Structures are given as C-alpha cells and as structure tokens.
Amino acid sequence: MLLLGCIKEVSDYELVISLPNGLSGFVPVTQISDAYSKMLSKQVAQEELLEDLSSLSDMYSPGMLVRCIVTSVEKSADGRRSVKLSIDPKKVNKGLNASALALGMLLSGFVASVEDHGYLIDIGVSGTHAFLPRQKAQNYIKAVKRGPDLKIGQNLNCVIVEVKNEGRVVRLSIDRSEVAAALATERQNWTLSNLLPGLVLKARVQKVAPLGIKVSFLSSFTGIVDFMHMDPEKSMNYSPDQVMKACILSIHPTSKVVRLTLRQSFLHPGGSPNQLSNDRMGAVVEESTVKAFYKQFGAVFELDDGTLAFARSKHLSKTRKSFKPGAFKTGCKHKCRIIDYSLMDEMCIVSLKYQIIEARFLQYQDIHTGDVVQGKVLALKPIGMQVKVTDGIKGLVPSMHLADVVLKQPEKKYNIGDEVRCRVLECNPAGKKLILTLKKSLVQSKLPVLSNYEDAKPGLITHGFVVCAREFGCIVKFYNDVKGLVPKNELSSEPISCPDKVFHEGQVVKVMVLKCEPQQERLLLSFRLSGKPALEDKKECTSKKKQEVKYQIGEMVDVKVLKKKDNGLEVSILEDEGNVIASIPTVHLSDFVVNCKLLWHCLQEGDVLPRVMCLSDKGEHIILSRKSAVISAVQEEQVVRSFSEIQPGMLLTGYVRNVMPFGVFVEFPFGVTGLAPKMSMSDKFVTDTKDHFVVGQTVIAKVMSIDEEKQRVLLNLKVSECSLGDSAAESFALLNQYFKEMKEIRNLLRRRGEPSMAQGLCELVPGKELQLVMQDVKEDGSALFSGSCVPGLTVTATRYHLGDKNIVSGEKTKALVLHVDALTSKVYVSLREELLKQRAKQVCVHGSQRTPSTLPSCST
C-alpha cells in the first residue's frame, strides 16, 4: 500500500512516520535508498566513519512529507501492531517505467551521487538516468539551510523539466516555486498502477455523505475524502460538481481505492502540515465539545482553544459495555486528555478514559530520573527484564538490577504479568530509553537522588551501587550514569587490602561526597560517613526561584543577613535590591577560625556586611567570602583561574577544604584544588592531621608539582616554605586584621543592647586591669574570681598566672585580662607582678594616648 506520510521523529536508526487516520509507522535506516544503504555497508565493513555519510538527522526533520510503501505489519508481544515502511524510490515508484515519464510529473527522488555540474538522482525507474543541474538546486539549498551541498540519501520532491530518448534521460528541478506549482494532469497519462501519493490535482465532487465526499479526478478516476480530511472551514459547504484542489493520501494495491485530502497544508507540494505545541501534549481539557459522532470510528471534538481533536471508539469509554451513544450528541461536553497528535490529520488524538486522564505518566517526557514507577513484567531476556509502565512506555531492568543480589535464575522470582515497583535510573525521551532498577535498597531509599555532577556537593550522603572493585578502590554509579571513585583509604575506617573480596558488582552502598569537579565529571567519594551532609533540604532548594543574575568570581558586594543557619548565613545582595539570595559559610566569615564562630554568634538578621567577595556562582547557589587574605589575593591577581595557569613554585592563598588522614585538600579561588600530603603539612612531625588543620582555615600553599594528565596538584604547607616575603610584615598585618575583627565583634555586641553580662564582655579587652575577689581554688591549682566589673562571667587564673601570691577566699586583688572567650563567657586573667608592673609603666608613659581598648593582645 502506498501512503503519504509526515516525519514525526528522527533517530539514528529509523524515521517515525505519521500516517493518515492517526496511525504511525517506521522506516528503518536500511530502507532509505540504494546509494545510502551501500554507504552504510561500506562504513560497517571498514569499521570507521565515512566523511560523506550523513546521519538521518542531518537530512530529515519532523514535518517533512514523504512517500512511503508498507513493507510489513508485525504484531508485538503486547498485541500492538507495528507498521514497517520504506521510502526507497525503487519500491515507491515501482509502477513507473521510462516510457511513462512526462513533463511536469512530481516524483520522489534521492541523491545518488554528487557530480561537478549537478547531481545524479535515483527516482527508482529502471533504465532512466535522472540528472539535477546544480543551478536548479541552489534556491532549495539556501532555503533548507542544511549545508552548502545536497547529501547522498537526501529525499527530494523533483519535477521533470525535460525528457529525452523516450524517458531514458530526464532532467529535474527541485526549485521550491516549481515544485509548489506542480499539478497532476490528464496529459501526464497517470494510471491506477503508477498513481502516487502526494500528487496534487483538480477533483470534482460527485456525492456528499455524512462520513465524507466521493470525488472524480484525472477524467476517469474516483476517490474518497473522509470526514477527517475535509477542509474544516468548508466542511458543511461542499456541493455536487464543485471543483477544487485535492492531494492523494493513499492508494490500496488490491482494491485500488484512492483516498484524498482537501486540507490546505497538503495542496502545495513541498509544504508541511501544522504541528501541535509541545506544552499541549498530555494536557487535560476539562470541557471539550462534541462536533460530530461516527458510530464505527469515533468522535470529533472541539477543544477549549478552538482546535479539533479526534477520539477513536475504544477511547470514548472504559469498556464497550459502558459506552453510551447518547452522551455523544452534537454539543455535549466531556473531559478528555490529549494523548497524541496526528500530523497527517492535523488533529489532536484524545482519550476520554478515566484511567488515561488520571495517569501519572503518558509519554517518556513525563518520567524523571529517580521517579518510583509501577510496571508489569513483559519479558525476561538475557540482558534483563522488559517492563511495561504504560501502553506507550516500556523500560528495561538490567540483569544486575533485578534484586539487591545477583539472580542466577530470575525466572524463579518473576513471572510474565507480575506487577513490579521500580525506580528510574535513566530516562532519555528522545531515544525512548528507560532504564529501571528493582534493587529494594534503591527503590525504598529516602536519601537524595544524585543524577548530575552539579548536585554532588561535599558532604552529600546518598545511595549508589558498585560497578567495579579493584586494588585502587571502588567505582560507584548513581543515576543518569553519574559515577565516582571511592579511594582505597576511604573504603573503611580499617585498612582493606583487597577491595574486590569485600565489595561486589551491583552492591548497593551508602556514600558521602568528598569532592566534585562537574566540568571534568570527576567525583571523589567515601564510605566513611562521618560528618553532617552539607546539602540543604531538597524541597527547600527546589522551591526557590531560579536566580538569573550572574556574579563574577572576585566581585565585591554588600549584603544583608536574612537567616542564620547551622553552617552559615543566608544573605541577600543589596546591589540587586535584595532579590538575589546567597550564602556565607561560617568558615568564610573570617581568616581566623575562632573569629568565624564569634561573628556567626554576634551577627543577627538585618545586619549589613559591606564588601563581601563572590567566591562561586552556580546560578542558584552563590557562595560569598569575608576572608581578607583570600580577597586580597584575588584583587592583587595572585591567583590562578584554571589548572593550565599553575606552575611549580607558586605561592597561593586558599582555604582548607578537607582534612584526611593522608593529607589536606586546599581549595583556591576559581575552584582549583590541590593536596598537601602528610609529610608536607608542617615543619613539625605530624601524627594526626586533625591536630594541625581544620576545615575552613586560611592557608598559604606552595605548589610542589603538577600532573597535567591526571589534573592533580601537590602542595606544601610548611611555614618555612610558604612565606610571601617579609615574614614580620605579614605577621603584623594578620594580627592587625584580627584586632579589627575583634573590635567589630565588640561593636556588634554593644549595638545588640545585650544584658549586663554581654555588655561586660564588650568592656573587657586584653591588657585591662581589674579589681577582683578570690572565690575558690581548684584541684589543679587554678583559681576562680568574682567582681562588680565581671557580673555573671567565669574569671579564671591558672596556677602559673597566680605567681607567688598566696591569697585566700574573699581577699581582694588586682589582675590583668589575658583573653576573653565571648562564646563561653570566660575571662582568663593573670596576677603576676611583672605583668602588672609593665601595664602600670605603659599607662604612665603614654598617658591618655593609649586606652585599655587599644592595647594589643595575644590570641589563643
């Protein structure tokens, strides 16, 4: 059977074709043309890609009309019919011979070869040499914009402009204006044996009936225009003997019944039918109005936007017994759902079935990675289990994912038709590929789904499955083919010498993300789940509006504190009128770890922080930093912006990202990360790495070496190796910054209007002299004091700082403030005479120029 079809989808191996009356068919890649098939065979034989072999997507696109012939109709396991088609001109044009070729004929042709002056075209007629001059193709090439030349295997609408030697040589044109004007006439001597779909001709109305129109054409032929292919604007105005343009849709090979269309989109060859917008597919229409009911076929509806839709009889009710014809009188209203769109009928296909209207999934696009779905077992194969999710959606459960353990005989556990609950590992709507898992640990997991590298934030804990266990560690896979490495030292708190004997392929594991480089698709993981997940609650993240404003790394902004969280501050950027939300991790509030906690404690909602630097901007998650040393390094261009800029010997300012037993990971602005091995961490001997560094600590690191192939950087953190120049100047600058921040903290406490205890903390600074009363002496020799200047505070002097004084409870004494711990409300003092005398001497020398609030102090 010959049919006119419209390309609906294009994949690497087939074309999906929309056929008249809501049907669909498939054209395999081997059914395009002889020349294209030969090139495919050549590529397979050579086992390498051919430069002049174009993919189907390079030559074909949705909306193109093509002539097809049915090659077979197969029935699938679930009872659905699959229509196989061919667009090969030798099959489509088999009714033509050289002597039948005439001027003005519109034929399907395929590029067979590219020559100097034009193209050899395969029109499927034996003994005919068809040539397309280059000048006759230029307008078409410019219009379709598929490159500077036609491609072998490309389908063309060709008009015969010259016939020589009784049809053995023909010259063609594909000029769009000539093709659009092509009209089949009696002079071209068409017969029922060579008539072709896609021909546009003049037809005369013979009879108008409820289901369609009977027409005559080309003098001696008759045909049928069914109700779906009348022009919607003229469907009630056809009358006998009326002459109009029509296009042939199909020719039945045995009955010779010819069906035609009067729809405007098909009346100009080379055009394409109207398409449905993607957002309407799957939409539920609350009220659709019945326009016409056809007992044996179905009903035509008018949707809420005025477009027409068709529902087949089986989609009008749940079962045949529950069908009520009276409910489908003209004007009746029904709730329906758009389940498809027929390009050839220019109509939505709808269903009134309750189970389809309420269905969670209708097409592959509705399914997302991580979704839990119900399915029915269709088949058990060596590669896994085929599962039917809905009538139009099928998925595969690979053998490794049939259970938490590998099943040697899955047929003993599962039967055809069994209901199964699966989780989506991967969904590719374009390729109609759906990969599922039946592993109970994954299906029931309440942990976040990791489906892309951007979501792999350090500290995230999730479930994955082992795909490889070797001497270097384990490779763990997640959703959407995201995978990462668990190094040998992160497999357990105890050493594991042979990981392949402990872990097996397919094993479900709980892992924590240590580090991720999304651009390189590199993920470092750990089975040691110490530490709290660093990710926000997923629902909170998805509910936030996507921020469109982008900030450059190093850009300075002023921010306002919105909310205090366990791991930092949520702030709004004032430059954008508070519409852009960002975060300052606690460890990025200061270069000094102790000040980070103090600042977090003191800052409150509504406080404004000036000149904070953008550290990273990933669209929805902007990270800011107040680390002065890091900000200075960026502003003075003492940074590297990519791995390629790193050179051995460089001194870079960064911050500790992670502390591991084998060393310290240091991150620098712009995302470059390096490792300082245990032996290069300190000038002192390192027993436990956690005794030397903490996460968030600002450091200066020296680049020792780089591995370009593995994109690795080795660092040195020894103080003796990492001086930027004048060590004394560096130390005083850091100390000065510390004092500035302590002054800022005191000011924050004062502004707070806190109780007397907090106010007292503000007034106490290192170096201030106090009048105290001895309260008690502890077992370790330290003493506790009280006084009117320290209400509610714990004041302590260690045994060493009591000096030679032998005081008793209740005795008054002078003491000098050494350190104030605002977080614990503790004050450490000294009673030693040498310190008190030095303090008195300073006051005498400097007088009023130096007040207690400006005296230097030592940080602990």
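The backbone N, Cα and C atoms fix where each Cβ goes, and this holds for glycine too.
These features come from TrEMBL:
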DOMAIN    1-88  domain 'S1 motif'
DOMAIN    104-175  domain 'S1 motif'
DOMAIN    198-263  domain 'S1 motif'
DOMAIN    370-439  domain 'S1 motif'
DOMAIN    459-528  domain 'S1 motif'
DOMAIN    649-718  domain 'S1 motif'
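Scored on C-beta pairs under 8 angstroms, the neighbour of the domain 'S1 motif' (104-175) with the top count among 1-88, 198-263, 370-439, 459-528, 649-718 is 1-88. Just going by CB pairs under 8 A, the stretch in 1-88, 198-263, 459-528 that sits most against the domain 'S1 motif' (649-718) is 459-528. The residues of the domain 'S1 motif' (104-175), classed with DSSP into helix (H, G, I), strand (E, B) and coil, number 13 helix, 34 strand, 25 coil. Mapped onto DSSP classes, the domain 'S1 motif' (459-528) shows 10 helix, 35 strand, 25 coil. Here the domain 'S1 motif' (104-175) returns a mean pLDDT of 90 for the predicted model. DSSP states for the domain 'S1 motif' (1-88), grouped as helix (H, G, I), strand (E, B) and coil, give 23 helix, 36 strand, 29 coil.
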